[in-house]
Amino acid sequence: MVRLREIPRTATFAWSPGAASPLIATGTRAGAVDVDFSNETCLELWDLGLDRQSTGEELQPIAKFDTDSGFNDLAWTPSEDNTRGIIAGALESGSLDLWDADKLINGSSDDAVISRTSKHSGAIKALQFNPRHSNLLATGGAKGELYISDLNNVANPYRLGTAARADDIECLDWNKKVAHILVTGSSAGFVTVWDVKTKKESLTLNNMGRKAVSAVAWDPEKPTKLVTATPLESDPMIYVWDLRNSHAPERVLKGHESGVLSLSWCSHDPDLLLSSGKDNRTLCWNPQTGHAYGEFPVVTNWTFQTRWNPHNPNFFATASFDGKIAVQTVQNTSTDTAQAIADQNQALDGEDFFAKAQTQPQVSSFSLPKAPKWLERPCGATFGFGGRVVSVNLVEKGQRASKIKITPFEVDEAVGQSTETFENALKEGDLRSICETRAANAATEEEKADWKVIQALISENPRKGLAEYLGFQDQSADEAADKLANLGLGKEETNGESPKESRGPGAKKHKRLQSMFDASPEADNFLSDLAASKGAKTNNPFHIFNGSETEADKGITRALLLGDFEKALDVSLKEDRLSDAFMIAICGGQKCIAKAQEHYFSKQTESPNYVRLLASIVGKNLWDVVYNADLSNWKEVMAALCTFAEEKEFADLCDALGDRLEEQIRASDDKSLRKDASFCFLAGSKLEKVVAIWIEELRENEQKALETAANDTSFSIHVRALQGLIEKVTIFRQVTKFQDTERTKESDWKLSNLYDKYIEYADVVATHGRLQVAQKYLDLVPEKHPEAEVARNRIKLATRQPTAQKTQQTTTGRGTPLNKPLPTTNAYQPQRTFSPVATAAAPSPYAPPAPTTNAYAPPAAATNPYAPPAAATNPYAPPAPASNPYAPPGAAAPPQPTNPYAPASGGSYAPTGYQPTPAPSYGAKPLGGSVPPPPRASNQSPATVTTYTTATNLPAWNDLPEGFAKAPTPRRGTPAGAAAPISSPFPNQSPSIAQGPPPPGAPPTQRTPSVPPPPKGTAPPPRVTSPPSAIPPGPTPPPNPYASLPQSPPQLNPGTMGVPAPIPRGPSPYNAPPSMPPPTNRYAPSPAAQAANPQLQARGPVPPPPQAAASPYAPQPPAASQYAPSTPPLQQGPPPASTSRPGTASSQKVTPAPATPKYPPGDRSHIPEDAMPIYEILSADMQRIKGRAPTSFKQQVEDADRRLNLLFDHLNNGDLLKPNTVSDMADLARAIQARDYEAARAIHVDILTNRTDECGQWMVGVKRLISMSKATP
């Protein structure tokens, strides 16, 4: 019941029609006195602004129109000719006024009045537009006048009924299903149903003695049902009528304490009815059942009108004479029940202690028992992972049965189609066609260039392809000669002589070549002369030494004669004879050539640039070109790399050149170089570098597309850009055979940005139903990537194939298992009943020998090697029942085989079978209220059991006590009303239920505490010695035969009269399987803590362990005789050793019975001096908290105080807490006193962790005290 808005007016009101933001029209209530005694009457329009957060400011009207009279009623209807509809006002003066709402809102008040008619001789009390024909308006008023007006002819309405009536029509309502039916209610008690079509009365209801009628309302769905209300203070009734029986009301709704003034039946849900009246209250009813759901916040004066919002029934408004119109919701956001649960579960940490309580308004609230009809969806749909939509539709309208349909769904079909096309092209392996298609359809030059470069990489010689892409292609010899001849040569430079005569085609020479080898005509015959035959003689003799040689000439000659080309080279280089040096080097081999080249390049400091390039090429040092060449010549550098770079250095050289281009981009902000850098990174297969550029281009292209897009959505634009990136990366990886070496790393990935895009793209294609494609790209992401791990799990769950599952074991009426998920016992083998003590029953000299094991019984199942150790036997459990000397043969059952599927004992949770207690005999007193009622049937199919390792709703150690939470409803194999087989000679005696091992997969049950709760009281033993009757079962459903026990049976006190063990049944093939032993509660308070709590000591007589379920075909046991011995001998075996904590001294000895406290609870006179600060500080702080805590936390504060008193009792008795713990608790108390809550928490955690045996319920109180004290200023 959240009050959304308040209109500060005493006025009648009407909601605006339509789905727009709701407006309310108000008209000053006739006869009402304002706070300032103003006589002003007006029509006002209010914008509630429910779409904006309330600022606490008082609402102001958006339109106002003064009138000459007050209003009794208002109505607002939609209209085709008027944008915001027409408002009709019923004035006290008898005038019917119509306004155009749109003109009122726009400020045209002078033109807003549509019409003003005065057909009524007195005040108009009520009016309403026809819900099916908005042009028809019914008005009723004084002297029984009832008019029907047509808005197309308002001046000429027609009247219904006779002209002479002394009563007034107080209310009216059009039928919601039959358009021409109208009902009116008068002050004389007449409820008349009119047929407007025939202009006659249809019938008149006997309104229970002609009591005045203040309100009427039709059922929104049933045309024959309506409700009426009486304004009498002595008899405030609401009558529900069915016109098929108009003599008496169908139902009477009683709840108002004074007269009812207004009714409003929700048009969206016929189960909701609002009523308001003179008792200042507004109630919500279910008129179909007569049940009152609850009441809304009470006001200070009469509530004379209440109305549902016609379009959004979540809101309604109520007008009262306290000068306010309250707009509120039908449901509260936080009910008292929810608040109580929240209070119990609140952690009480920090400022949350008060924050939550202070935000809850102290108002009445209630919660609807079922969802309103407009929230009951007849259909629904939800998006499922993997491009699926799950929809739910009714099989047939009006039925509750639904059908579920799963259909594929794609946000953008183009995305799915392009994904399929690309994946198919990849499977075919035609990468070149993909590149050509993408390059042809590229939106930008950069994208086109990328695809061209990738296409070049696909060629047989990628380097040659890259050089050709840059424009460096191989040339023929003639083309090279032509270009060389045209390098700036106009005339031959021949020292002023005319050019030599051409020597035929192909004789074009460079001027330098010509000057070097064209010195004399004899030079042409030089080579031919050298090639003379062996015997030929020439006429060109020469001297090796002619006497004019220099020393250098002589040295070179001698070296050549001796074949010492290296020495000859040294002399030539020393004399700077480079031409001779190169000729000698050619003869001397590669070593000499390298030496000559090195000397040559060292001398060419002022030589042309190509010499330095040649030096880098010859010296295989292209790094000089990469790092030092001007970036305007990056293409030439790249061509040189493609031509001369070694394979192992090529990628790094391209990477270095690309880095230089990126630095230039950052320095000059010239993004045109980005394409050049991308080329370098592509050529060098540097995926991490090129991906960064592509992602940046993706964002820019996406932004441009958003600015120019006409019909595309932002999602489609983004996905197309993302898909283009993924396609380029995928093709590039395949072409370059890229290997990601960082997939095993856990962080700091170089391709982190690409991994994010892979994950995003996988999510997109998965949304379009391509789960396999999504899985392929997720496999490219490192395994340790957190987001990829989540995405992989989703894909894995969505694509997993259903596996054959073992069906749950079910039992037929004869107890034969249909399936075998569990090891079964022999159907003809006697079953053993539950015994909390692991010792066997003592043999009886009168009992026959136990039957031998059936040779055909299945072998015992092996013990589960992975199960935890069995729970320690409860030291307070009764011993095994003694063998009955009168038991029939076969009563003693052999040991049952171990169930490998049963949950291991010793955990905090182990389900056991339901174990009812047999009715006491021999005059034993009846059981307390804590004993569960007997079951109604014993042939229920076993429920599945979830082991403690897989259960998800296991209770925690500090949860609510057992019994506070509702147990889950058990599943039944048979109806609840099925009769149980008779297992007792007395018809009213409680039957017992067989105890069997729970099958796997059953719902989790509650834990069995090791110490049972105290009995609710003891009663004297009954005097009747006849067989007692069973405890009558309550209205609760039959208990689950596999639910856990609410408590473990305590041990009988020595000296107390025992209850004889029930007679065991003989072997039967229909007995249920044996039960599991109950586990001990490792979270129960220690024995010392139990000793300090007097509530845990008193125990009433305890029933014996339950017996196996009786078979309807087994022989009936003999009736308990009153002459039987009152106390058969009890035999008890030695107590078993505890196994709950192996290896510790405390767990290997039997815990003694709790000792009686030395001093009564509440006594504080014996607290030692070293512990006195604990008591003084903690109790004082607790009193401070009590005085400042909000009332909503009263329960938590009292619980903390009670637990602290347990601590003080231990301190007073000097038990449980050891001296070092007392010292630590004193330090904790001083820390709380000093407001050092972190230190207090640290001490608390240390005690709780390392000294568990000294902790009890008081530790929870200390923890809560720390939290409360910190939250309390």
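We number each residue from 1, going along the chain as drawn.
Glycine is treated like the rest: Cβ placed from N, Cα and C.
Residues or ranges marked as repeat 'WD 1' in Swiss-Prot: 5-47. The average per-residue pLDDT of the prediction over the repeat 'WD 1' (5-47) is 89, rounded to a whole number.
Among the features that Swiss-Prot reports, repeat 'WD 2' is placed at 66-109.
According to DSSP, the secondary structure content of the repeat 'WD 3' (119-159) in residues is 3 helix, 24 strand, 14 coil. Positions annotated as repeat 'WD 3' by Swiss-Prot: 119-159.
According to Swiss-Prot, the feature repeat 'WD 5' maps to 208-251.
The repeat 'WD 6' annotation in Swiss-Prot covers 255-295. Remote same-chain partners of the repeat 'WD 6' (255-295), defined as residues 6 or more beyond its termini with a Cβ less than 8 Å from a stretch Cβ, comprise 176, 214-222, 227-233, 236-238, 240, 301-308, 310, 313, 316, 318, 320, 330, 364-370, 372-374.
Per Swiss-Prot, the feature repeat 'WD 7' maps to 298-338. Below 8 angstroms of C-beta separation, residues 1-15, 17-19, 22, 24, 26, 29, 32, 34-35, 48, 50, 261-264, 266-269, 272, 274-278, 280-282, 284, 360, 364-368, 372, 374 of the same chain, each at least six residues beyond the ends of the repeat 'WD 7' (298-338), sit close to that stretch.
For 382-407, the entry in Swiss-Prot reads repeat 'WD 8', with the evidence type sequence analysis.
Annotated region 'Disordered' per Swiss-Prot: 488-509 (among others), in sequence order.
What Swiss-Prot records for 490-503 is compositional bias 'Basic and acidic residues'.
Sequence annotations record features per position, and here Swiss-Prot assigns region 'Disordered' to 796-829 (among others).
What Swiss-Prot lists as compositional bias 'Low complexity' is 798-817 (among others).
If you look up Swiss-Prot, you'll see 881-900 (among others) marked as compositional bias 'Pro residues'.
Annotated region 'Disordered' per Swiss-Prot: 881-1168 (among others), in sequence order.
What Swiss-Prot records for 943-952 (among others) is compositional bias 'Low complexity'.
For 967-981 (among others), the entry in Swiss-Prot reads compositional bias 'Low complexity'.
Under the heading compositional bias 'Pro residues', Swiss-Prot lists 1010-1052 (among others).
Where the repeat 'WD 3' (119-159) meets the stretches 5-47, 66-109, 382-407, the count of C-beta pairs under 8 angstroms peaks at 66-109. Within the chain, the repeat 'WD 8' (382-407) has long-range Cβ neighbours (under 8 A, six or more residues past its boundaries) at 766-771, 794, 798.
Using DSSP to sort the residues of the repeat 'WD 5' (208-251) gives these counts of helix, strand and coil: 0 helix, 16 strand, 28 coil. For the repeat 'WD 1' (5-47), the DSSP-based tally of helix, strand and coil residues reads 0 helix, 22 strand, 21 coil. DSSP states for the repeat 'WD 2' (66-109), grouped as helix (H, G, I), strand (E, B) and coil, give 6 helix, 20 strand, 18 coil.
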